[in-house]
Structures are given as C-alpha cells and as structure tokens.
Amino acid sequence: MSEAILTWTTLSDDAERAAAAHRLLAACHEADGVEAFSEQFVLGIDDARLEHRHLVAEIDGELAGVAAVTGTDVELAVAPRYRRRGVGTRLIHEVQAGIDDAAFWAHGNLEAAAELTQGEEMTTVRRLLVMSVDGVQLEDTSSEVPEGYVVTNLAEASERYGRDFAERAWLEVNNDAFSWHPEQGGWDMERLHRSQEVDWYSDEDVLLLWEAPAGDQRPQLAGFHWTKWQSGNDGADDHRQGEVYVVGLANAYRGKGLGGPVVEIGLAHLRAGGAREVILYVEDDNEAAVRRYEKIGFRIAEEHVVYAKRG
C-alpha cells in the first residue's frame, strides 16, 4: 500500500474532499463511539467564515486522515482502516512544523490517542469533562424561579421587549460571563447570529432569567441557559437526550444564589420536552461548577483532553 500524501487545503473551498472528510468522521464515530471533531470543527469543514485550515492525508487517492486547525487548536481524525500506519504521527509532525505550540484535542481520550501523544512526548494541558444526569435525579431537579425574577425564552423576550434588545442583553451577559473563555467569549452580534444557524437551534430553547422590572421599565438580564437537543432526537425516542449547552451569569448577579436556579430552569425545560438524560461540558479545573453540577445529580461520563508539547 502506498505512503500517505499530505496536503494543506481549505475544505470549505474543496467540496470533494469536504464530503470525504464528513464520511471519514462518520466512520470514526461508528468505530469509536465518540465524535472525532467537535461541533465547531465540523462546521469549519463547510463554513469559510470560521477560517479553518485543513491538512489531509491521502493514500491511493482516498482520504486516510485529516487535521483541522484554527489558531493553535487542532482536531485530528484517522480513518479506522488506516490506523497504526503512521498517518496520525505524520499529521501531528506536519502541524507542529508550522505551529510549535499546537494543542491537539483528543475527544473521549481514547487509548489510541493517549498512546500516540505519549510517543510524541506530549502532555495534557486541558481537560473538558462530560457530565450527565438521568432517571430519578433528573426528575427531582427543581424548576422554581427565584423571587424577584422572571423567565422567558428568546422568542417571548423578543415579542415583549424587541428582538434587538433581547439579543443585545444576551450577548452582553455572554461576554461578561465568558470574558476568560477562548471559544465562548468576545463575541459580536455577527458571531451570535452565526451560532443560531445550526439546524438544531430554536429561540424556544434559549432561556433568559430577568430581574423583574419595576413599572414600565425594561428588565435587566441576570443570566441565561441555552439548551440543546442532541441530533437524532425525534421526540419518540425513549432515551431522548438534551444538553446544557451554555449557561452564563452576569458578574453583577454572582453571589446571589442564582447559579443553581439558572441551571435548573434549563433542566426543567428539557425534562418538559421529554429528555430522559441531560449532558453538559465543563472544564475539570472549574471546581466550583463541577461541585454545583454534582450537587444537582450530574456525574462524570466522559472526558476530552488537549495535548501539547512538553515544556
């Protein structure tokens, strides 16, 4: 069998290879039980606005592996039939040749990925936990709204206060809550609108916690809970899965006991929609959040790890 040929490209401008990349990712998911690329990297295959670059490895004209790059973040996948043939190692070396501080995501932290990175003298620099809650613990979560606050979804808020006001309030709280976050912080309105273009998005799944206004004044947004239904859910699924997609609390409202309630209003929404399990993602070093979720009933189900060169 021939040696892999590596080529830098932009898949959003390369329809044939983009289609092959989607097929490769589907094969990886079937083999591993874990998605090799996160949502943003999947979107980056087709959406030129994300400005992702791609390194493809091809053997006899067939896509054997692909690495997607944005900034220093890298996600990599090798087709199951081409594994243990050095394809992953070559992709890593080629990326590192141009990006010395490249950070490689290993979703699910599978054994093969761990072995590959150990051989390349790489170390773990970040861990993202997947936590889940189901059964009685999900049913027992509270849906009580704190006194002095009201909850609307984005559709309701847009009707009451105007779309522009509602979205700007959401954007402001998001950037306030995630000023430290490399992916979720620093958004502008165009980025917010782009996030709504995914096929699973619905205004009804964005829940907004407002401080109740006095008189005719417009309310102040304290926090939000953006929920998500996992792909493949059709409402008839006995194991319909929801996700705590993004939870944000404005800094001015921290320390007021709202962290738990803003999570639980989203859980109540998902439960009412038929969720039998709810998952979320959280950084493992965010100990306060992990403890809060554990108190609600969440348990660690999976982890995603970022590897980079030692030193």
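The backbone N, Cα and C atoms fix where each Cβ goes, and this holds for glycine too.
Please treat TrEMBL annotations as automatic predictions, because they have not gone through curation.
Marked as domain 'N-acetyltransferase' by TrEMBL: 9-161 (among others). Summarising model confidence by region, the domain 'N-acetyltransferase' (9-161) averages a pLDDT of 95.
Here TrEMBL flags Leu76, Ala77, Val78, Arg84, Arg85, Gly86, Val87, Gly88, Thr89 as acetyl-CoA 1 binding site. Neighbour density for Arg85 (acetyl-CoA 1 binding site): within 10 A of its CB lie 17 other CB atoms from the protein chains shown.
Annotation comment: TrEMBL describes 152-311 (among others) as domain 'N-acetyltransferase'.
The acetyl-CoA 2 binding site annotation in TrEMBL covers Val247, Gly248, Leu249, Asn286, Glu287, Ala288, Ala289, Val290, Arg291. In this chain, none of the residues that are 6 or more apart from Glu287 (acetyl-CoA 2 binding site) has a CB less than 8 Å from its CB.
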Same-chain residues at least 6 apart in sequence whose Cβ lies under 8 Å from Val247 (acetyl-CoA 2 binding site): Gly223, Phe224, His225, Trp226, Val262, Val263, Gly266
Helix, strand or coil at Ala289 (acetyl-CoA 2 binding site) [DSSP, three-state]: helix
Cα-Cα distance linking Leu76 (acetyl-CoA 1 binding site) and Arg291 (acetyl-CoA 2 binding site), given in Å to the nearest integer: 31
Those residues of the chain, 6+ apart, with a Cβ under 8 Å from that of Ala289 (acetyl-CoA 2 binding site): Val282, Glu283
Cα-nearest neighbour of Leu249 (acetyl-CoA 2 binding site) within the listed binding-site residues, Leu76, Val78, Arg85, Val87, Thr89: Leu76
